[in-house]
Amino acid sequence: MASSLPQGTVRTVTFASLLFLALIAGVHGRYRHPPMVSFYSRECPEARGIVQKIVKSAIERDIDSAAALWNLHYHDCFVRGCDGSILLESSYYGPAEKESGIPDSPKEIAYDIIDEIKDAIEKVCPVTVSCADILTLAARDAVVELGGPGWKVCSGRLDGFISYANESKFYMPGPDANYRTLVKKFALKGLTEMDMVVLSGAHTIGKVKCSVMESSLYNSSGPCGVDPTLDPTYAMELKAQCPVGSSNLVFLDPTGGDTSVNGSGTVPYPGHRRLLATKSAGNTVDKNYYVRVSGKNAKKGSAGSSDQNLKVRNSKGTLKSDRNLVSTKSGKALVNREAGNSKKAKASAADKENQPFFHDLVKSMEKLSTLDDPSSPGGEIRCNCRSRNVQTAPPPVGY
């Protein structure tokens, strides 16, 4: 991948533009004040409770909402920092991030939930809580609702002005990314190799389109066209769910998940999803993802290599990028740590079933949720999360 930024990315801005943005935002950067957990305790004490209540209700209606919100937050933070840019609709300035067409683009249900939360908060605290803060809080609450750990969410973000589809394509790693590419993409955001492996654990919940895996199931170098890194038994299960050209969805971490869904992700009795999709494995935040990914390895690199490449076999990672996590010695060690397979992990886990994964996830999510892009102009409090405030927002700098 070329190191140059995609066309349309802003490198510099004029003094006049910066002055204008500073005046309308009233801040330096995209925080009104130094971010803090108690930011809305005086301005809008109801905000966090409203977010939590609506997220809980949304997940009770459709358990897939949790993964959708977590994925939306990840996509938002990974491009221009956690500024709500992923929420913007395309305009005459060009296609927005949400129109990038990348394979794991966030689902519309997540946008609808953010809209619902924003509408509810605006009724009690008009033009006070940013869409960026709402999304960050909603993602955390969604993970907690499915059995995951909570983490500290500092608030005070402003909503960004800029959203370009080509930037999303540039920064987001693809579902077939190799280990080196994954590490590089995360490093661009100041995230470590360990952060990359830990944040990949978001695949413990959610579903993916069969089309994303078609090459691994039918057009690879292994027997019957199956990717040789994929566990043969699991490959047969995936083929049964994903015939060529299928539009079905499959679990990223399927063990114990809801097998009653159809291609659209719906169930026969709307409103009763929890009767069919219980909080177990495929619908629970846990370490099971790493247990499935770990597979078996044989050394492939030279004996003197500090980080030997490994030949992956029998991995049950659904995506190629999941299986590639164990394609290097360091990656394999980190996956084993999160799976609780290493001696150090077992010693530290004691009787805590999902440690050290939960401990590591808290630290990595706190880093992800505070990502910012100092090169971006200031921000605003959007009235509508899907569009900039016409009366204040300038056109994207450089347009």
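Each residue, glycine too, has its Cβ placed from N, Cα and C.
Copied over from TrEMBL:
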ACT_SITE  H75  active site, proton acceptor
BINDING   P173  substrate binding site
DISULFID  C44-C125  disulfide bond
DISULFID  C77-C82  disulfide bond
DISULFID  C131-C385  disulfide bond
DISULFID  C210-C242  disulfide bond
REGION    296-317  region 'Disordered'
REGION    368-399  region 'Disordered'
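Under DSSP, C210 (disulfide bond) is assigned to a helix (H, G or I) in the three-state scheme.
Within the set of disulfide-bonded residues (C44, C77, C385), the lowest number of other Cβ atoms found within 10 Å of a Cβ is recorded at C44. Within the set of disulfide-bonded residues C125, C131, C210, C242, C385, the entry lying nearest in space to C82 (disulfide bond) is C131 (CA atoms). Candidate recorded positions: H75, P173, C210. Nearest to C125 (disulfide bond) by Cα distance: H75. In the structure shown, the C-beta of C82 has more C-beta neighbours within 10 angstroms than that of any other entry among the disulfide-bonded residues C82, C125. With all protein chains in the displayed structure included, the most crowded Cβ environment within 10 Å among the disulfide-bonded residues C131, C210, C242 is that of C131.
For the residue listed as 'substrate binding site', the same-chain residues that are 6 or more apart in sequence and have a Cβ closer than 8 Å to its Cβ are T181, L182, K185, F186, S321.
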